[in-house]
Amino acid sequence: MGEFEEIVMLTVGILYDEAYGVAIKQEIKDRLNRKVSVGALQSALRRLEKKGFLTSRKGETNSKRGGRPKLFFQITALGQRALEYSRDSRNQLWDAIPQSALKLKIS
Amino acid sequence: MEPKSMTGPSRLLLRIFQWFCRPEYHADIEGDLLELFEIRREERGLSYARWLLFFDVLLLFRPSLIRPLTGINPFKYPTMFRNNLKIAWRHLLKNRFVTAINLAGLVIGMTAALFIWEYVHYERSYDDFHEKGDRIYRVRTDRIKDGVTFMQFAAGAAGVAPLIKNNFPEVEDYVKLTGAREGIFQYQPDRYILEDKAFFAMPSLFDVFSFPLLEGDPDQVLTEPFTACISESTAQRLFGDEDPIGKTITRDDREQYKVTGIFADAPPNSHLKFNILLSYVTFSDVLTEGGTSETALTWDGFYSYLLLEPNADWQALEAKIPAAVEANYDAQMRESIAFYLQPLEDIHLTSNYLIEAEVNGNGKTVRFLFLIGISVLLIAWFNYINLSTANSELRAKEVGVRKVLGGSPGKLVGQFLTEAALLNIFAILTAFLLVRIFHGAFESLIGEELPLTLFSDARLLGITALVLLLGTLLTGLYPAFVLSSFKPIAVLKTGFSGNGKGSGKWLGKGLVTLQFIASVGLIASTFIIFKQLNYLQDTKIGLNIDQTLVVKGPKVTDSTFVSKSAIFKQQIEQIGSVKQLTASTSIPGQAFGWTAGGVRRLNAPDDQSENFHVMAADVDYTELYEMELAAGRHMSVTMGSDGHTACLLNETGARLLQFNSPEEAIGQSIEFWDQQFTIVGVLKDFYQQSPKSVVEPLVLRAKPPQWGADYYSIKLSTDDLSGSLGRVESIWSDLFPGNPFEHFFLNDHFNQQYAAETRFSKVFSLFSGLAILVSCMGLFALVSFMTERKRKEIGVRRVLGASVTNIVGLLSKGFVKLIALALVIATPLSWYAMQQWLEGFANRIDLSPWSFVLAGLIALGVAFATISFQSVRAAMVDPVDSLRNE
């Protein structure tokens, strides 16, 4: 799972029941100050869905969407495990860094 | 519900998105886009939202989101592609006979095409390395008399380049060169070379052209009298490892030049090649002191190149020259001379005039070869098309089953295209290998050094890729569509496509006819080329050049030259096997060398003076070469005055001077170069060079003994040529030490003039042989298919009493008709093409229909032999075997 994919997954998690394209895009922009194109986002979402990390369901529409439905994403069990694995391996690596090395870097 | 386009998003953009997006993703993404659009419009306004929508749609165009191209993307789903490959491979292996014929044909065709492409590419690349090449033009000179052009010089009038430069501002610069005669350049007593690629050149040469100067100051070289620049290889030959700069070289033991620069050797594809450049001021100010080499328009032999301003109109400039000639000289000069500009890069393939710097290429030859290469390749491709459609019955079942199992026509086309691509790729790889292997052989065939550019030149590689693509599409598409159009029910029920009639059959016949049009045309052209060549070589040239040894005259001479050359003649003629020796300024097979513009009858007015070739020779020259007289006598040693004032004309020359008959000219006097000569005889017209060109007017004057001899011709009375040669050489080195003994037998030398034609005929016959070979291979396979298909029919006919002859006739009739048709079409085409080629010769054969009849008979014979090989075998089969099982 790549860095961008991880961000998308986490954002989907944050939004829980409200995770659809525009909302994810806004959330990433608000929280991380990172601009994401619709193309990059959608291609990541579909890729993650194909890997089995996300599922999707069709939702309601509103007048702003020209009658087009929203597509809500949700993290699957597999996706959750992948996220946990990703976090664990990071933590493990963080823990392995000697204190002095980090101090040096900070100072 | 479509949003309003004036206030909403662009409908076109959304439609484009819908077109390229994967259908299952489209709905919700479009929803997102529209929602974003609304948000943005509220925040920042309409145009901002529209712009961002545009970028969003642009960025949505990515592989994971776009609709797959044709059902299945071969790069995404390699299994399908791999399966296609596997089936193609199996199919090729299964039908080895057809594969072999197709492959052999394609390999031959592509190899031929690649070779020819390489050659054509090289010939067209001449002079393309000059940075300012598109602005450089050479001025050539025509001489005109009474409105008739009679001499055309590549190296023209001395004064024309300065004249144009001074009168027209669009000329930025010019450079003028004139050939220094072949000479000996000496550094130290034991270090000398004989060099004929030496020129007097202006310093602007290095500005106008892009010949890189390796050493020396580009602003300084060639500006001072008696300075020289030499090429890198010449420096190596003359100086070895020493540094040549500042050293002195001696030319013909007379003049001394200081070397001030070294330039890189000219690339092989330069129309102007030189090894030694001497400063032009040496020629104009010192050697021809007080001469008029900057203004004279009657003095030829100067290569003049103009560098025009960017965007200058060269044709307009060319048109303005005559007026400038009249303004600076007079109206009479304007009438008698014409100047033409030649774009630099066109010179090599289009220019063939007097005094060219190098023997140029022949644009027509290059075009012909190009056509041949294409023809051979097309013939091979046609074979593939013909064989794979004729073979279609074999694939009918396969196609039927594939279709029943849900194969779409698109997938079937993909399958057949894969097969074509596989075969074409095989063929081109093999062809590459063959080109690499036979490159040397091809070089010696065309008699030129050809850099192996095939693998390094991006353009050639690009063209090869294009050929590959074109070949695959051309050979694959038609069979693919024919095969994939089969109706599954029909083929599975009957095993036949039911499609074999109709247009497909006509196409096959058409292709066979086209193949044979090309073959017959090529064979007929080969005949004509050989006939023309024989005609040229058999034409009586009016000279006897057999058993003649020629020795190039000494370049390094001193005051004892006159007596030494007399001794040389005497000693040589004492050799038992030598009949006679004579010295001259030119020899048969060589240009006359000199021209004189002012030859006229004694006391005739200036405007009746004529242009003549001039040659000087010992008085016994014409006797040695057994030249025939139209009137008068040969010059003679016994007539004491002959050596100074006698001259001979040729018949053309006598006519030009308005003598009504050769006899009338005898005893008359002519004058040129401020001297008078008495005409003692008129020679029958003879071909000095070769019957390729017309006879031009000539004055042959006696050579004063103090003039150097350019050539000694030695007539031998024996066939023991090498024995005589040794004796001559030892006398030579005794008398003329320091001069290399350069010799050749005139016969060989003379025949070298036909080298280009000989090579052309060889290349032509090779490629026409290949063309007919490939055509016949295709024919062979076609006939074998047909006999296979008609096996039962033949069996039944045999049982009912048909003879072998009947059946062979039945099988061959169709093809023989096609070939006869090809003959009818090919004749006028190749007639026209050959007429074009023959126009390049002053003396040429008349085209006779017999060449075409013969070519047709040969094509017919070869084709018939090919057909009957199969058809006779089929007819001889015992009908029991073919009818036994059903």
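The backbone N, Cα and C atoms fix where each Cβ goes, and this holds for glycine too.
Noted in TrEMBL for the protein shown:
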- B:99-323: domain 'MacB-like periplasmic core' (DOMAIN)
- B:371-486: domain 'ABC3 transporter permease C-terminal' (DOMAIN)
- B:543-690: domain 'MacB-like periplasmic core' (DOMAIN)
- B:766-874: domain 'ABC3 transporter permease C-terminal' (DOMAIN)
- B:97-117: transmembrane segment (TRANSMEM)
- B:368-387: transmembrane segment (TRANSMEM)
- B:421-442: transmembrane segment (TRANSMEM)
- B:462-486: transmembrane segment (TRANSMEM)
- B:506-530: transmembrane segment (TRANSMEM)
- B:763-786: transmembrane segment (TRANSMEM)
- B:807-829: transmembrane segment (TRANSMEM)
- B:849-869: transmembrane segment (TRANSMEM)
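In terms of C-beta pairs under 8 Å, the stretch of B:97-117, B:462-486, B:763-786 lying closest in packing to the transmembrane segment (B:506-530) is B:763-786. Counting Cβ pairs under 8 Å that are 6 or more residues apart, the transmembrane segment (B:849-869) and the transmembrane segment (B:763-786) reach 3 or more and are in contact. Proximity of distant same-chain residues to the transmembrane segment (B:807-829), defined by a Cβ-Cβ separation under 8 Å and at least 6 residues beyond the stretch ends, is recorded for 509, 512-521, 524, 779, 782-783, 786-787, 790, 794, 797-798, 849, 852, 855-856, 859-860, 863-864, 867-868, 870-872, 874-875. Tertiary proximity for the transmembrane segment (B:97-117) is limited to same-chain residues at least six positions away from its ends with a CB under 8 Å from its CB atoms, namely 369-370, 372-374, 376-381, 383-384, 387-388, 391, 423-424, 426-428, 430-432, 434-435, 438, 442, 454, 460, 463-464, 467, 471, 767, 770, 773-774, 777-778, 780-781, 784.
Long-range Cβ contacts of the transmembrane segment (B:763-786) within its own chain (Cβ-Cβ under 8 Å, at least 6 residues beyond either end) map to 97-98, 101, 104-105, 108-109, 112, 116, 368-369, 372-373, 375-376, 379-380, 382-383, 386-387, 390-391, 445-446, 508, 512, 515-516, 518-519, 522-523, 525-526, 529-530, 811, 815, 859, 862-863, 866-867, 869-871.
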